[in-house]
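Feature annotation from TrEMBL assigns active site, proton acceptor to 212. Summarising the annotation, TrEMBL assigns active site, proton donor to 333. Feature annotation from TrEMBL assigns domain 'N-acetyltransferase' to 13-178.
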Ligand code: AMZ
(Lines of atoms letter the chains of each structure in order from A; the text may use other names.)
(Lines give C-alpha, C1' and ligand atoms only; values in the text may rest on other atoms or scores of the structure.)
Protein backbone atom coordinates (compact mmCIF):
# COMPACT_ATOMS: atom_id res chain seq x y z
CA UNK A 1 0.00 0.00 0.00
CA UNK A 2 3.02 2.29 0.04
CA UNK A 3 3.43 5.05 -2.47
CA UNK A 4 5.88 4.73 -5.27
CA UNK A 5 7.61 7.65 -6.93
CA UNK A 6 8.56 8.69 -10.41
CA UNK A 7 12.08 7.39 -9.72
CA UNK A 8 12.07 3.60 -9.82
CA UNK A 9 13.25 1.86 -6.68
CA UNK A 10 12.08 4.56 -4.28
CA UNK A 11 9.05 4.02 -2.08
CA UNK A 12 7.63 4.69 1.37
CA UNK A 13 5.14 2.68 3.40
CA UNK A 14 3.75 2.19 6.87
CA UNK A 15 5.67 -0.59 8.64
CA UNK A 16 3.52 -2.83 10.82
CA UNK A 17 6.42 -5.13 11.62
CA UNK A 18 10.15 -5.27 10.89
CA UNK A 19 12.02 -8.41 9.94
CA UNK A 20 15.68 -8.86 10.82
CA UNK A 21 16.99 -7.29 7.59
CA UNK A 22 14.65 -4.32 7.94
CA UNK A 23 15.64 -3.75 11.53
CA UNK A 24 19.33 -3.95 10.69
CA UNK A 25 18.98 -1.47 7.82
CA UNK A 26 16.85 0.90 9.90
CA UNK A 27 19.35 0.92 12.78
CA UNK A 28 22.19 1.62 10.35
CA UNK A 29 20.32 4.48 8.74
CA UNK A 30 19.52 6.03 12.12
CA UNK A 31 23.11 5.78 13.34
CA UNK A 32 24.34 7.32 10.08
CA UNK A 33 21.83 10.18 10.44
CA UNK A 34 22.87 10.83 14.03
CA UNK A 35 26.50 11.02 12.89
CA UNK A 36 25.40 13.26 10.03
CA UNK A 37 23.94 15.73 12.51
CA UNK A 38 20.30 15.26 13.22
CA UNK A 39 16.81 14.10 12.83
CA UNK A 40 16.84 12.49 16.26
CA UNK A 41 17.14 13.53 19.86
CA UNK A 42 20.20 11.34 20.18
CA UNK A 43 23.50 13.08 19.56
CA UNK A 44 25.66 9.96 19.57
CA UNK A 45 25.10 6.65 17.74
CA UNK A 46 23.23 4.27 20.01
CA UNK A 47 24.20 0.90 18.64
CA UNK A 48 21.98 -1.91 17.60
CA UNK A 49 20.42 -3.09 20.87
CA UNK A 50 19.18 0.34 22.03
CA UNK A 51 17.70 1.13 18.63
CA UNK A 52 16.19 -2.32 18.31
CA UNK A 53 14.36 -1.94 21.63
CA UNK A 54 13.28 1.54 20.63
CA UNK A 55 11.79 0.52 17.29
CA UNK A 56 10.11 -2.59 18.67
CA UNK A 57 8.61 -0.33 21.35
CA UNK A 58 7.02 1.96 18.78
CA UNK A 59 4.66 -0.83 17.74
CA UNK A 60 3.36 -1.02 21.29
CA UNK A 61 2.33 2.64 21.42
CA UNK A 62 -1.21 2.97 20.04
CA UNK A 63 -0.75 6.60 18.99
CA UNK A 64 2.40 5.95 16.95
CA UNK A 65 2.78 4.68 13.42
CA UNK A 66 6.15 3.97 11.87
CA UNK A 67 6.77 4.82 8.21
CA UNK A 68 9.87 3.68 6.37
CA UNK A 69 11.53 4.88 3.19
CA UNK A 70 13.09 2.26 0.97
CA UNK A 71 15.67 2.44 -1.82
CA UNK A 72 15.71 -0.74 -3.89
CA UNK A 73 13.90 -2.50 -1.07
CA UNK A 74 16.32 -1.48 1.70
CA UNK A 75 15.23 0.82 4.49
CA UNK A 76 17.22 4.07 4.36
CA UNK A 77 14.96 6.40 6.33
CA UNK A 78 11.91 6.63 8.55
CA UNK A 79 9.50 8.89 10.37
CA UNK A 80 6.66 8.46 12.83
CA UNK A 81 3.14 9.74 12.57
CA UNK A 82 1.94 10.53 16.09
CA UNK A 83 -1.75 11.00 16.82
CA UNK A 84 -2.89 13.14 19.74
CA UNK A 85 -3.91 11.14 22.79
CA UNK A 86 -7.60 10.52 23.48
CA UNK A 87 -7.46 12.95 26.41
CA UNK A 88 -6.37 15.79 24.13
CA UNK A 89 -9.74 16.81 22.74
CA UNK A 90 -8.67 20.37 22.01
CA UNK A 91 -5.96 19.20 19.60
CA UNK A 92 -7.80 16.21 18.17
CA UNK A 93 -7.50 17.72 14.67
CA UNK A 94 -3.71 17.72 14.56
CA UNK A 95 -1.24 14.91 13.98
CA UNK A 96 2.50 15.29 14.33
CA UNK A 97 5.32 13.82 12.26
CA UNK A 98 8.50 13.20 14.18
CA UNK A 99 11.92 11.64 13.93
CA UNK A 100 11.95 12.17 10.20
CA UNK A 101 15.26 11.05 8.78
CA UNK A 102 16.81 9.95 5.54
CA UNK A 103 20.29 8.42 5.86
CA UNK A 104 23.06 10.63 4.44
CA UNK A 105 23.83 7.95 1.83
CA UNK A 106 20.29 8.17 0.41
CA UNK A 107 19.79 11.92 0.33
CA UNK A 108 19.32 14.10 -2.75
CA UNK A 109 17.26 11.55 -4.70
CA UNK A 110 13.76 12.63 -3.68
CA UNK A 111 13.11 9.96 -1.08
CA UNK A 112 12.29 12.46 1.70
CA UNK A 113 9.41 13.77 -0.39
CA UNK A 114 8.10 10.26 -1.03
CA UNK A 115 8.17 9.57 2.71
CA UNK A 116 6.39 12.79 3.68
CA UNK A 117 3.81 12.27 0.93
CA UNK A 118 2.96 8.84 2.31
CA UNK A 119 2.55 10.29 5.80
CA UNK A 120 0.37 13.13 4.48
CA UNK A 121 -1.80 10.60 2.65
CA UNK A 122 -2.29 8.56 5.79
CA UNK A 123 -2.97 11.59 8.04
CA UNK A 124 -5.51 12.88 5.52
CA UNK A 125 -7.20 9.49 5.27
CA UNK A 126 -7.52 9.44 9.06
CA UNK A 127 -9.30 12.78 8.89
CA UNK A 128 -6.68 15.02 10.47
CA UNK A 129 -6.81 18.65 9.48
CA UNK A 130 -3.23 19.64 10.25
CA UNK A 131 0.16 17.95 10.28
CA UNK A 132 2.87 19.55 12.39
CA UNK A 133 6.60 18.87 12.48
CA UNK A 134 9.75 20.52 13.73
CA UNK A 135 13.37 20.34 12.70
CA UNK A 136 16.80 21.62 13.69
CA UNK A 137 17.85 24.70 11.74
CA UNK A 138 20.96 22.80 10.61
CA UNK A 139 18.83 20.43 8.49
CA UNK A 140 18.81 22.61 5.38
CA UNK A 141 17.71 19.87 2.99
CA UNK A 142 14.72 18.88 5.13
CA UNK A 143 13.70 22.53 5.63
CA UNK A 144 13.81 23.19 1.87
CA UNK A 145 11.70 20.07 1.34
CA UNK A 146 9.04 21.08 3.87
CA UNK A 147 8.82 24.57 2.37
CA UNK A 148 8.50 23.16 -1.14
CA UNK A 149 5.66 20.95 0.06
CA UNK A 150 3.79 23.97 1.38
CA UNK A 151 4.44 23.50 5.03
CA UNK A 152 4.09 26.86 6.73
CA UNK A 153 6.98 27.93 8.99
CA UNK A 154 5.14 29.46 11.91
CA UNK A 155 7.75 29.79 14.60
CA UNK A 156 11.27 29.25 15.80
CA UNK A 157 12.48 28.02 19.16
CA UNK A 158 15.89 29.60 19.84
CA UNK A 159 16.67 26.95 22.50
CA UNK A 160 15.61 23.86 20.56
CA UNK A 161 18.61 21.54 20.93
CA UNK A 162 21.96 21.47 22.63
CA UNK A 163 24.51 19.75 20.43
CA UNK A 164 28.19 19.63 21.39
CA UNK A 165 27.80 22.62 23.67
CA UNK A 166 26.12 24.74 21.01
CA UNK A 167 22.52 25.87 21.13
CA UNK A 168 20.72 25.04 17.89
CA UNK A 169 17.47 26.71 16.86
CA UNK A 170 14.42 24.67 15.84
CA UNK A 171 11.93 25.51 13.13
CA UNK A 172 8.25 24.63 13.58
CA UNK A 173 6.06 23.85 10.58
CA UNK A 174 2.39 23.16 10.02
CA UNK A 175 0.53 21.98 6.92
CA UNK A 176 -3.18 22.07 6.29
CA UNK A 177 -4.55 18.75 5.13
CA UNK A 178 -8.19 19.42 4.36
CA UNK A 179 -10.16 22.01 2.50
CA UNK A 180 -9.96 25.62 3.60
CA UNK A 181 -13.64 25.67 4.51
CA UNK A 182 -13.11 23.66 7.68
CA UNK A 183 -10.15 25.59 9.04
CA UNK A 184 -9.59 28.32 11.62
CA UNK A 185 -7.46 31.38 11.21
CA UNK A 186 -6.03 33.69 13.85
CA UNK A 187 -7.69 31.75 16.60
CA UNK A 188 -11.23 32.37 15.37
CA UNK A 189 -13.45 30.10 13.37
CA UNK A 190 -13.30 31.67 9.92
CA UNK A 191 -15.82 29.65 8.01
CA UNK A 192 -19.24 28.42 8.93
CA UNK A 193 -21.15 25.33 7.98
CA UNK A 194 -24.93 25.51 7.88
CA UNK A 195 -24.74 28.77 9.82
CA UNK A 196 -22.88 27.07 12.68
CA UNK A 197 -19.17 27.26 13.44
CA UNK A 198 -17.31 24.33 11.90
CA UNK A 199 -16.68 21.65 14.52
CA UNK A 200 -12.92 21.81 14.76
CA UNK A 201 -12.33 19.24 17.43
CA UNK A 202 -14.06 16.27 15.90
CA UNK A 203 -12.17 14.35 13.25
CA UNK A 204 -13.75 12.69 10.25
CA UNK A 205 -15.33 9.36 11.09
CA UNK A 206 -14.08 6.42 9.09
CA UNK A 207 -16.72 4.64 7.03
CA UNK A 208 -16.12 0.92 6.80
CA UNK A 209 -18.20 -0.57 3.99
CA UNK A 210 -19.15 -4.11 4.95
CA UNK A 211 -18.54 -7.14 2.79
CA UNK A 212 -20.32 -10.04 4.49
CA UNK A 213 -19.55 -13.39 2.90
CA UNK A 214 -21.92 -16.35 2.74
CA UNK A 215 -21.14 -19.35 0.53
CA UNK A 216 -18.60 -17.28 -1.41
CA UNK A 217 -20.99 -14.42 -2.22
CA UNK A 218 -21.41 -10.89 -0.82
CA UNK A 219 -24.65 -10.76 1.16
CA UNK A 220 -26.47 -8.78 3.81
CA UNK A 221 -28.49 -10.48 6.52
CA UNK A 222 -31.30 -9.07 8.63
CA UNK A 223 -30.60 -9.30 12.38
CA UNK A 224 -27.89 -11.84 11.60
CA UNK A 225 -30.28 -14.58 10.36
CA UNK A 226 -28.54 -16.76 7.77
CA UNK A 227 -31.83 -17.71 6.10
CA UNK A 228 -32.71 -14.05 5.57
CA UNK A 229 -29.85 -13.17 3.21
CA UNK A 230 -29.91 -10.79 0.26
CA UNK A 231 -27.17 -11.59 -2.26
CA UNK A 232 -25.55 -8.46 -3.70
CA UNK A 233 -22.62 -9.86 -5.65
CA UNK A 234 -21.02 -13.19 -6.39
CA UNK A 235 -17.64 -11.58 -7.06
CA UNK A 236 -16.07 -10.44 -3.73
CA UNK A 237 -12.91 -9.19 -5.49
CA UNK A 238 -14.95 -6.91 -7.75
CA UNK A 239 -16.93 -5.68 -4.75
CA UNK A 240 -13.68 -4.81 -2.95
CA UNK A 241 -12.50 -2.89 -6.01
CA UNK A 242 -15.80 -1.04 -6.23
CA UNK A 243 -15.65 0.13 -2.60
CA UNK A 244 -12.03 1.24 -3.03
CA UNK A 245 -12.93 3.17 -6.17
CA UNK A 246 -15.82 4.78 -4.31
CA UNK A 247 -13.25 6.40 -2.01
CA UNK A 248 -13.48 4.35 1.19
CA UNK A 249 -10.27 4.03 3.20
CA UNK A 250 -10.97 0.68 4.86
CA UNK A 251 -12.95 -2.49 4.15
CA UNK A 252 -14.83 -4.48 6.81
CA UNK A 253 -15.14 -8.15 5.90
CA UNK A 254 -17.11 -10.80 7.78
CA UNK A 255 -16.88 -14.50 7.04
CA UNK A 256 -20.43 -15.44 8.08
CA UNK A 257 -20.11 -19.17 7.52
CA UNK A 258 -16.89 -18.93 9.53
CA UNK A 259 -18.64 -17.21 12.46
CA UNK A 260 -21.18 -20.06 12.64
CA UNK A 261 -18.67 -22.86 12.07
CA UNK A 262 -15.99 -21.51 14.41
CA UNK A 263 -13.29 -21.57 11.74
CA UNK A 264 -12.59 -19.66 8.51
CA UNK A 265 -14.87 -20.82 5.71
CA UNK A 266 -14.91 -18.26 2.88
CA UNK A 267 -11.15 -18.42 2.48
CA UNK A 268 -11.01 -17.98 -1.29
CA UNK A 269 -13.41 -15.06 -1.21
CA UNK A 270 -11.36 -13.29 1.48
CA UNK A 271 -8.20 -13.87 -0.56
CA UNK A 272 -9.92 -12.34 -3.59
CA UNK A 273 -10.79 -9.30 -1.50
CA UNK A 274 -7.23 -8.90 -0.21
CA UNK A 275 -5.84 -9.24 -3.73
CA UNK A 276 -8.17 -6.54 -5.07
CA UNK A 277 -8.21 -4.07 -2.16
CA UNK A 278 -6.05 -0.99 -2.34
CA UNK A 279 -6.92 -0.09 1.26
CA UNK A 280 -6.51 -1.96 4.56
CA UNK A 281 -8.96 -4.76 5.30
CA UNK A 282 -10.30 -5.90 8.69
CA UNK A 283 -11.66 -9.44 8.89
CA UNK A 284 -13.86 -11.21 11.41
CA UNK A 285 -15.80 -14.45 11.62
CA UNK A 286 -14.53 -17.80 12.83
CA UNK A 287 -11.17 -16.68 14.18
CA UNK A 288 -10.76 -18.73 17.32
CA UNK A 289 -7.03 -19.54 17.63
CA UNK A 290 -3.62 -17.88 17.27
CA UNK A 291 -2.69 -19.89 14.19
CA UNK A 292 -5.77 -18.66 12.32
CA UNK A 293 -5.18 -15.08 13.40
CA UNK A 294 -1.53 -15.17 12.41
CA UNK A 295 -2.14 -16.74 9.03
CA UNK A 296 -4.66 -14.03 8.06
CA UNK A 297 -2.39 -11.25 9.28
CA UNK A 298 0.38 -12.73 7.17
CA UNK A 299 -1.96 -13.08 4.19
CA UNK A 300 -2.51 -9.33 4.01
CA UNK A 301 -5.36 -8.68 6.46
CA UNK A 302 -4.52 -5.52 8.43
CA UNK A 303 -6.64 -6.19 11.53
CA UNK A 304 -8.63 -9.18 12.73
CA UNK A 305 -11.91 -8.96 14.61
CA UNK A 306 -12.46 -11.36 17.51
CA UNK A 307 -16.03 -11.88 18.65
CA UNK A 308 -16.82 -15.22 20.27
CA UNK A 309 -13.36 -15.68 21.78
CA UNK A 310 -13.64 -12.26 23.39
CA UNK A 311 -16.34 -13.78 25.61
CA UNK A 312 -15.15 -17.37 25.79
CA UNK A 313 -11.37 -17.06 25.82
CA UNK A 314 -10.21 -13.56 26.78
CA UNK A 315 -6.70 -14.90 27.51
CA UNK A 316 -6.38 -15.72 23.83
CA UNK A 317 -7.30 -12.13 22.96
CA UNK A 318 -4.68 -10.86 25.41
CA UNK A 319 -2.03 -13.12 23.89
CA UNK A 320 -2.99 -12.08 20.35
CA UNK A 321 -2.76 -8.39 21.34
CA UNK A 322 0.69 -8.98 22.77
CA UNK A 323 1.87 -10.76 19.63
CA UNK A 324 0.17 -8.44 17.13
CA UNK A 325 -0.13 -5.01 18.74
CA UNK A 326 -2.51 -2.65 16.98
CA UNK A 327 -3.94 -5.42 14.82
CA UNK A 328 -6.57 -7.02 17.06
CA UNK A 329 -10.07 -5.56 17.29
CA UNK A 330 -12.87 -6.81 19.52
CA UNK A 331 -16.26 -7.33 17.90
CA UNK A 332 -18.91 -6.87 20.57
CA UNK A 333 -22.31 -7.85 19.23
CA UNK A 334 -25.15 -7.28 21.65
CA UNK A 335 -28.82 -8.23 21.74
CA UNK A 336 -30.51 -5.67 23.97
CA UNK A 337 -27.24 -5.04 25.79
CA UNK A 338 -26.17 -8.68 26.25
CA UNK A 339 -23.28 -10.03 24.22
CA UNK A 340 -23.98 -12.70 21.59
CA UNK A 341 -21.53 -15.23 20.12
CA UNK A 342 -21.31 -18.09 17.57
CA UNK A 343 -22.83 -16.24 14.65
CA UNK A 344 -25.14 -14.55 17.16
CA UNK A 345 -26.88 -17.86 17.78
CA UNK A 346 -25.96 -17.77 21.49
CA UNK A 347 -26.51 -14.91 23.94
CA UNK A 348 -24.32 -14.68 27.04
CA UNK A 349 -25.11 -13.02 30.37
CA UNK A 350 -22.33 -10.49 29.85
CA UNK A 351 -23.06 -6.80 29.37
CA UNK A 352 -21.45 -5.06 26.40
CA UNK A 353 -19.78 -2.42 28.58
CA UNK A 354 -18.25 -5.06 30.89
CA UNK A 355 -16.83 -6.92 27.93
CA UNK A 356 -15.58 -3.60 26.50
CA UNK A 357 -13.55 -2.95 29.65
CA UNK A 358 -12.16 -6.47 29.61
CA UNK A 359 -11.17 -6.15 25.97
CA UNK A 360 -9.53 -2.80 26.57
CA UNK A 361 -7.56 -4.41 29.36
CA UNK A 362 -6.55 -7.22 27.00
CA UNK A 363 -5.06 -4.58 24.69
CA UNK A 364 -7.36 -4.40 21.66
CA UNK A 365 -6.83 -1.55 19.18
CA UNK A 366 -10.55 -0.81 18.83
CA UNK A 367 -14.00 -2.17 19.58
CA UNK A 368 -16.72 -2.65 16.98
CA UNK A 369 -20.11 -2.45 18.60
CA UNK A 370 -23.17 -3.91 16.86
CA UNK A 371 -26.73 -3.93 18.17
CA UNK A 372 -28.02 -7.12 16.58
CA UNK A 373 -31.70 -6.22 16.65
CA UNK A 374 -30.88 -3.29 14.37
CA UNK A 375 -28.39 -4.95 12.00
CA UNK A 376 -29.60 -4.95 8.42
CA UNK A 377 -32.87 -3.21 9.38
CA UNK A 378 -32.02 0.29 8.06
CA UNK A 379 -33.75 1.94 11.03
CA UNK A 380 -30.76 3.70 12.59
CA UNK A 381 -27.87 2.90 14.93
CA UNK A 382 -28.29 2.36 18.64
CA UNK A 383 -26.62 5.66 19.50
CA UNK A 384 -27.25 5.41 23.24
CA UNK A 385 -25.47 2.10 23.66
CA UNK A 386 -22.66 3.20 21.32
CA UNK A 387 -22.11 6.44 23.26
CA UNK A 388 -22.25 4.60 26.58
CA UNK A 389 -19.57 2.19 25.43
CA UNK A 390 -17.38 5.01 24.06
CA UNK A 391 -17.65 6.80 27.40
CA UNK A 392 -16.80 3.64 29.31
CA UNK A 393 -13.68 2.59 27.41
CA UNK A 394 -10.76 4.63 26.16
CA UNK A 395 -10.04 2.66 22.98
CA UNK A 396 -11.79 3.79 19.76
CA UNK A 397 -15.32 2.51 19.20
CA UNK A 398 -16.75 1.74 15.75
CA UNK A 399 -20.54 1.86 15.50
CA UNK A 400 -22.43 -0.78 13.55
CA UNK A 401 -25.92 -2.05 12.88
CA UNK A 402 -28.84 -0.17 11.43
CA UNK A 403 -27.57 2.62 9.18
CA UNK A 404 -30.25 3.24 6.55
CA UNK A 405 -29.92 6.90 5.60
CA UNK A 406 -27.65 9.91 5.56
CA UNK A 407 -29.60 11.25 8.54
CA UNK A 408 -28.46 8.25 10.56
CA UNK A 409 -24.85 9.07 9.71
CA UNK A 410 -25.37 12.75 10.53
CA UNK A 411 -26.85 11.76 13.90
CA UNK A 412 -23.79 9.64 14.66
CA UNK A 413 -21.56 12.53 13.59
CA UNK A 414 -23.32 14.78 16.09
CA UNK A 415 -22.94 12.28 18.92
CA UNK A 416 -19.26 11.78 18.01
CA UNK A 417 -18.60 15.50 18.29
CA UNK A 418 -19.92 15.40 21.87
CA UNK A 419 -18.65 12.02 23.02
CA UNK A 420 -15.01 11.41 22.27
CA UNK A 421 -13.86 8.03 21.11
CA UNK A 422 -16.35 7.17 18.36
CA UNK A 423 -14.02 6.56 15.46
CA UNK A 424 -16.08 5.17 12.64
CA UNK A 425 -19.14 3.36 11.40
CA UNK A 426 -19.88 0.20 9.43
CA UNK A 427 -22.44 0.47 6.66
CA UNK A 428 -23.77 -2.43 4.63
CA UNK A 429 -27.22 -2.75 3.12
CA UNK A 430 -27.82 1.00 2.70
CA UNK A 431 -24.73 1.28 0.48
CA UNK A 432 -25.58 -1.80 -1.57
CA UNK A 433 -29.17 -0.65 -2.03
CA UNK A 434 -28.04 2.82 -3.11
CA UNK A 435 -30.01 4.50 -0.30
CA UNK A 436 -26.73 6.22 0.59
CA UNK A 437 -24.17 7.25 -2.02
CA UNK A 438 -20.52 6.80 -1.01
CA UNK A 439 -19.71 10.45 -1.78
CA UNK A 440 -22.59 11.76 0.36
CA UNK A 441 -21.70 9.41 3.19
CA UNK A 442 -18.06 10.51 3.21
CA UNK A 443 -19.12 14.16 3.10
CA UNK A 444 -21.49 13.80 6.05
CA UNK A 445 -18.85 12.00 8.12
CA UNK A 446 -16.00 14.41 7.33
O1 LIG B 1 -24.59 -11.71 11.12
C2 LIG B 1 -24.20 -12.57 11.89
N3 LIG B 1 -24.94 -13.60 12.26
C4 LIG B 1 -22.84 -12.49 12.45
C5 LIG B 1 -21.89 -11.52 12.16
N6 LIG B 1 -22.00 -10.47 11.36
N7 LIG B 1 -22.31 -13.34 13.30
C8 LIG B 1 -21.05 -12.95 13.57
N9 LIG B 1 -20.81 -11.81 12.88
C10 LIG B 1 -19.54 -11.06 12.91
C11 LIG B 1 -19.37 -10.21 14.12
C12 LIG B 1 -17.87 -10.10 14.20
O13 LIG B 1 -17.37 -9.17 13.26
O14 LIG B 1 -19.98 -8.94 13.98
O15 LIG B 1 -18.46 -12.00 12.95
C16 LIG B 1 -17.43 -11.48 13.78
C17 LIG B 1 -17.20 -12.34 14.98
O18 LIG B 1 -16.93 -13.64 14.63
P19 LIG B 1 -16.44 -14.72 15.74
O20 LIG B 1 -16.33 -15.98 15.02
O21 LIG B 1 -15.14 -14.19 16.28
O22 LIG B 1 -17.51 -14.75 16.79
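Each Cβ is built from the backbone N, Cα and C atoms, and glycine gets one as well.
Across the structure, residue 333 (active site, proton donor) and the residue listed as 'active site, proton acceptor' are spaced 15 Å apart at their Cα atoms. Across the residues of the domain 'N-acetyltransferase' (13-178), the predicted structure has a mean pLDDT of 91. Using a 10 Å Cβ-Cβ cutoff, the residue listed as 'active site, proton acceptor' registers 25 neighbours.
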